[in-house]
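**Q** Pulled these from Swiss-Prot:
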- H92: active site, electrophile (ACT_SITE)
- E164: active site, proton acceptor (ACT_SITE)
- N9, W10, K11, G170, S209, G230, G231: substrate binding site (BINDING)
Amino acid sequence: MRKKLVAGNWKMHGSLAENAALLAALKPALQGIEAAVCVPFPYLAQVQTALAGSSLAWGAQNVSEHGKGAFTGEVSASMLLDFGCKYVIVGHSERRSLYGESDALVAAKYMAAQAAGLTPILCVGESLAERESGVTEQVVARQLDAVVAAAGIASLARAVVAYEPVWAIGTGKTASPEQAQAVHAFIRGKLADLDAAVAAGLIIQYGGSVKAANAAELMAQPDIDGGLIGGASLLADEFVAICRAAAK
């Protein structure tokens, strides 16, 4: 039986005061529930201190493909490990679209994260134009293939995949539970052709305007194993409700 994992992606939000209040609300409410928050780099030390000894894990939203060196402004996987990170998001649609990250670069970041002992949350998903053109499966397959070709199918036993239809991120539009399940089933089936055991054990999160009101219906789908939560992860009551829906 696969466990479910809900991870909050704070994106470029937060302040020391806001974070302290949010974490203070989340920590007791989520005791014993597997969940995580992926926070901006400057707040990793704060989160490490605040969440020490709790069941909440934490991580980052991006990582360099390089181990160390003259790469001004970059942050390496080993640095994230120093701050107690368990997870790091790679290939988020905002990184792919706004910063031009290619499938090859995402694969390199994924491998750098794993080499340091982090669990990458690999994001895949299609745009509205791609969905309307009927190429959702081809797009998702291409994004997965880049990682499998570079790191091998066995590497996915130490990773999480998040399916995020780009057209549903921050738009208020949500893929219907059936639409989401269809893509999750495609992902698992595609990977099962390469390694059935890895595919069966893989956590595949859904990301895209998940909120308390729709979480239970999404989490009830057989191949949806939690969520990668954006805006709702900044609201304690919403995030707790989503985590509890996944834990049922």
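Here the Cβ of each residue, glycine as well, is placed from N, Cα and C on the backbone.
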**Q** Counting other CB atoms within 10 A of each CB, which of the binding-site residues G170, G230, G231 comes out lowest?
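**A** Checked G170, G230, G231; of these binding-site residues, fewest Cβ neighbours within 10 Å: G170.
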**Q** How many Å separate the Cα atoms of H92 (active site, electrophile) and G231 (substrate binding site)?
**A** 15
**Q** Can you give me the residues near the recorded substrate site, meaning same chain, not N9, W10, K11, G170, S209, G230, G231 themselves, Cβ no more than 8 Å from the center of the site's Cβ atoms?
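**A** Neighbours within 8 Å of the Cβ centroid, excluding N9, W10, K11, G170, S209, G230, G231: I169, I229, A232, S233, L234.
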**Q** Just to be sure I understand the packing, how many Cβ atoms besides its own are within 10 Å of the Cβ of N9 (substrate binding site)?
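**A** For N9 (substrate binding site), the count of other Cβ atoms within 10 Å is 27.
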**Q** Per DSSP, N9 (substrate binding site) is which: helix, strand or coil?
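**A** DSSP call for N9 (substrate binding site): strand.
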**Q** Report, in whole Å, the straight Cα-to-Cα distance of the residue listed as 'active site, proton acceptor' from G231 (substrate binding site).
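**A** G231 (substrate binding site) and the residue listed as 'active site, proton acceptor' have their Cα atoms 14 Å apart.
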**Q** Please determine which of the recorded positions listed here (K11, H92) has the lowest count of neighbouring CB atoms within 10 Å.
**A** K11
**Q** Check the recorded positions E164, S209 for other C-beta atoms within 10 angstroms of each C-beta and report the one with the most.
**A** E164
**Q** Rounding to the nearest whole angstrom, report the longest C-alpha distance spanning N9, W10, K11, G170, S209, G230, G231, listed for substrate.
**A** 14
